[in-house]
């Protein structure tokens, strides 16, 4: 053939080798165009076409750069047109060719040049390699039933000639189970020895994989047969046991427990009734399993089992002081509680509820109380509980039913008088499954919990000997539940307390945990102070402990990595080398006095926070807008502050002339954090006055307190936490409601020394201390 250019067809999923006849389904537009452009050769009255593999399988319309240059010159033996504008062709690969000058138009077209195979120099060696490959292929064909018998027959016919090694290699290559890339490499390889070597390697791998798969199938089949055999024998054993009445031994154990346990009268009658039903049932029935589970649960509870606890308030006080620094008032109330129990265990004291921010030691206090009482400790976390069945249990008629967590904890620790922590009691919620807070009322009421009935047991269980202690972060508890508990407030730690806790508790704890020797690492007091000030911002010490843990890990890594380092000393100078840049600013208030910007004080679940309140005025309709994700209470405080300002505008030298011509926008930054509460009135009022009179607010002054429309300042809560936040934030003066002066006795002396605390009773006093100067009555209208 003298043609130098032919239509070119791209193949998705096959590589054709010379001498091989292969069917091809044609459906893509370019491929059909290429097929239609084939012409009959003058030499042998046949049609020819070029075929090559595309580089990416999922390419619907590959470009000429996405085709391999080594292709096949193929003779078209047959064309069969199919429905949906597709066709099936049968081709015979004539020769391997090198493509050039590929044209990418409606159809591919390319020039070609035939690539001959290299000469076989060692015929004897080649014959050995081919024989080896054919034997391997025969073995593979025996293992893999997918190989067509006609292929084996074709190979055997070629082998009989013993001369056309190239044809044998091509046939074997076309039927290898390997990647398209590997087959393309085989096509491109002109050295017959290298090609047959690759074929042998691939066939060997295929045989190993086939044998492994076959062995795995055999193993799975044997396992299935064994499982079926075991099941059959197990069922036979059950039938034999039924005939021999061997189940009687298990029933006898249940009956023995019913008689020996100190069950209540009601529980014993219920157990005997259920046992009679169980004995009369078919032991293979589903109802039998339900009854058996019920009896096992009922009899596994610690009926009449109590720890011999002996309360010694002196020892309890030592334990509390050993495990906790500070918290004097809290410890005092706990000792009073234990003193009452020591004198008379029959007195039903109140349920304690420890309320405070995270990390202040609520959970560890409860553990210390349990140790001081000589009782076991157990914990029931209520965070996220929204199903009352978690408390009361599910009725046994339900599939997979079980008792509630209260009895579940007693079953676990095997005593009826533990100290039980009800953790995160403020995090419960209710939905269509009921209200768990209402279910807790019976548990926490001393008049009712001696007759607690779990839905699963359906008999009374005495919880009056359990010491329940709850913890919460927020005061926001259901009224009925709150009424049954005595709330003990645990405020955040001051800097000095955190320092002592870190030195005496946290650092030794981390050194012990990480197996640090005393002479390996030292952390200076200055470094701990910097940790508290610049790497944590919390009321508790949980984050401080994490930072100390990170510090210990990094120092230990240096010691182990560098054998010459025997001791590491950490102080404020090299602290950043271990923990990186400082995370927070400490003692930095605003740099300048601002107009329309005031610092308020907030009390959140995690302690006190500084709250910046800012405002702007602009042309509008006389409306007031609030942003910053404010709650309803805070929005109403803003409205009240604005109304109070309007009523006193003439006192500040402003007229009523143009209020309807502008809007006031009040914003509290950190808009992603919800903010609410009745203590921002003073700050809101001061912000508005500063904005309208253009008088700056002292940058070192913060304030807290709600106001009335008449300008009176109302008391607030969380005073200690707010003063701690002011001290951390570099505030010098704090304005507090006059009615909160009585709470100053609970404030640590060092906080009161660092702050100038001024009590105020009305907004005039607030403005006197907050503004740079008092507004003068000039009788002017506000000018934008």
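Residue numbers in this text run from 1 along the chain shown.
Glycine too: its Cβ is placed from the backbone N, Cα and C atoms.
Owing to the predicted nature of the structure, the values given are computational and were not obtained by experimental measurement.
According to Swiss-Prot, the protein has these features:
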ACT_SITE  679  active site
ACT_SITE  722  active site
BINDING   356, 357, 358, 359, 360, 361, 362, 363  ATP binding site
DOMAIN    6-207  domain 'Lon N-terminal'
DOMAIN    592-773  domain 'Lon proteolytic'
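Feature annotations (Swiss-Prot) mapped to structure.
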residue : record           : CB count, 10 Å
356     : ATP binding site : 25
357     : ATP binding site : 24
358     : ATP binding site : 18
359     : ATP binding site : 21
360     : ATP binding site : 27
361     : ATP binding site : 24
362     : ATP binding site : 25
363     : ATP binding site : 18
679     : active site      : 26
722     : active site      : 27
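Separating the Cα atoms of residue 362 (ATP binding site) and residue 722 (active site) is a whole-number distance of 20 Å. In this structure, residue 722 (active site) is part of a helix by DSSP. The residues near the ATP site, meaning same-chain residues not in 356, 357, 358, 359, 360, 361, 362, 363 whose C-beta sits within 8 angstroms of the mean position of the site's C-beta atoms, are 354, 471, 473, 490, 539, 540, 542, in sequence order.
If you take the Cα of residue 363 (ATP binding site) and the Cα of residue 679 (active site), they are about 30 angstrom apart, rounded to a whole number.
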